[in-house]
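The feature substrate binding site is assigned by TrEMBL to Arg97, Arg107, Arg136, Asp225. The Mg(2+) binding site annotation in TrEMBL covers Asp225, Asp249, Asp253. Residues annotated as NAD(+) binding site in TrEMBL: Gly283, Ser284, Ala285, Pro286, Asp287, Ile288, Ala289, Gly290, Gln291, Asp292, Lys293, Ala294, Asn295. Under the heading domain 'Isopropylmalate dehydrogenase-like', TrEMBL lists 4-354. For Tyr143, Lys193, the entry in TrEMBL reads site 'Important for catalysis'.
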Amino acid sequence: MNYKIALIRGDGIGPEVVNEAVGVMEAVGKKFGHTFTFVDVLLGGCATDAVGKSYPDGTAEKCKSCDAVLLGAVGGPKWGSDKPAEQRPETALLAIRKDLGLYANLRPAALRPAMLDACPLKKETAEKGIDLMMVRELTGGIYFGKRDKYQTEDRGIECTDLMAYSEKEIERIGRRAFELARLRRKKVSSVDKANVLETSRLWRSVMHRLAEEYSDVQYEDVLVDNCAMQLVRDPGQFDVVVTENMFGDILSDEASMVTGSIGLLPSASIGDTAPGLYEPIHGSAPDIAGQDKANPIATILSVAMMFRYSFQRAEEANAIEAAVDAVLAEGWRTPDIAESGVKAIGTKEMGRLIREHI
Ligand code: NAD
């Protein structure tokens, strides 16, 4: 197969980690007989510097002409909140997700076997294993609702952010979660705040309807505050966790921390038709950019997700994950995951070792 991949290298460590991920893709291509056409797409702070806006015209069309999109990271202090919206990298991230119709964000939080010691939880909790998939609704809810800011007579300035969800939006993300659970350990935990929020009560009723339809999948409702507790008490109980946009934003970061370093975790954002977008969960890490210190594993594992979810190529995905696990099992570490006193290797060397294992 020839796959056409849009590469958004972005800012900070983005270009460094994408380079290594591309190298791994090429190694997989060699082993399994695939070729790749790479299309460079300018987005983020680097686009602001080059053309004056973070989301240049034609970006979505360029990405839509590809089979999948790989993104490094965007952002940095140079393009902070004092800049107009069209120059800020975050504006571009929201725009690309919306324009590609990427309503489902998949964030696995898996404790890799060689990284048990990196888990900040009790040893016996870590040893039980952590392997969950957070499915976050990405294009609705309070982040996209109507906002208002106005002066009141007696209470100073007042602001509102509206959280809205439709049955249709809830059903499509719910289906994604149940379908994914069927490929995993067949359990869905749906997270809401149905004891308080009307949107959550609708969320829960739609999920219950789906749970009847997917009767082979075990289902439970979990209140968001309880979920936050359970993630640090016993994360091994979760398989697929599905939730709305803001809860998912917060809980997925919490889940990632229980697995150790953010430098290890990939993510996928997918829709119904357009190409999926694959990216590490970390940001552009300006503090270590350009120093060959960034951990490329999260981006490399994002490529594994691309093979699994966009190309339905589980064997290639497994090969990448096995190569990462083998390199970690041999004791190789980038500085972010190295124990004190252990000599760390750089971004390029980590990429080379993983390629070699493939
Ligand atoms: P960050 O994830 O960039 O960095 C947080 C800390 O983790 C830093 O100390 C950094 O050095 C370290 N780190 C991150 N990735 C690493 C890696 N691969 N290897 C080793 N260490 C790593 O988060 P931040 O500092 O809050 O944000 C920096 C910039 O990134 C901001 O402009 C922010 O808006 C942006 N950001 C972008 C995305 C994205 O592109 N999707 C996501 C989050 C943050």
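Note: Cβ is positioned from N, Cα and C throughout, glycine not excepted.
On the backbone, the CA of Arg136 (substrate binding site) and the CA of Asn295 (NAD(+) binding site) stand 25 Å apart. In sequence order, Ile281 make up the list of same-chain residues 6 or more apart from Asp253 (Mg(2+) binding site) whose Cβ falls under 8 Å from its Cβ. Minimal Cβ crowding within 10 Å, among the recorded positions Lys193, Asp225, Gly283, Lys293, is found at Asp225. Under DSSP, Asp225 (substrate binding site) is assigned to a helix (H, G or I) in the three-state scheme. Taking each Cβ in turn and tallying the other Cβ atoms within 10 Å, the top scorer among the binding-site residues Arg97, Arg107, Arg136 is Arg136. Highlighted here are the recorded positions (Lys193, Asp225, Asp287, Ala289, Asn295) whose C-beta falls below 6 Å from ligand 1: Asp287, Asn295, in sequence order. Taking the Cα atom of each, Asp249 (Mg(2+) binding site) and Gln291 (NAD(+) binding site) are about 29 angstrom apart.
If you take the C-beta of Tyr143 (site 'Important for catalysis') and look for same-chain residues 6 or more apart in sequence within under 8 angstroms, you find Leu94, Asn245, Met246, Asp249. Cβ packing within 10 Å was compared across the binding-site residues Asp249, Asp287, and the lowest neighbour count falls to Asp287.
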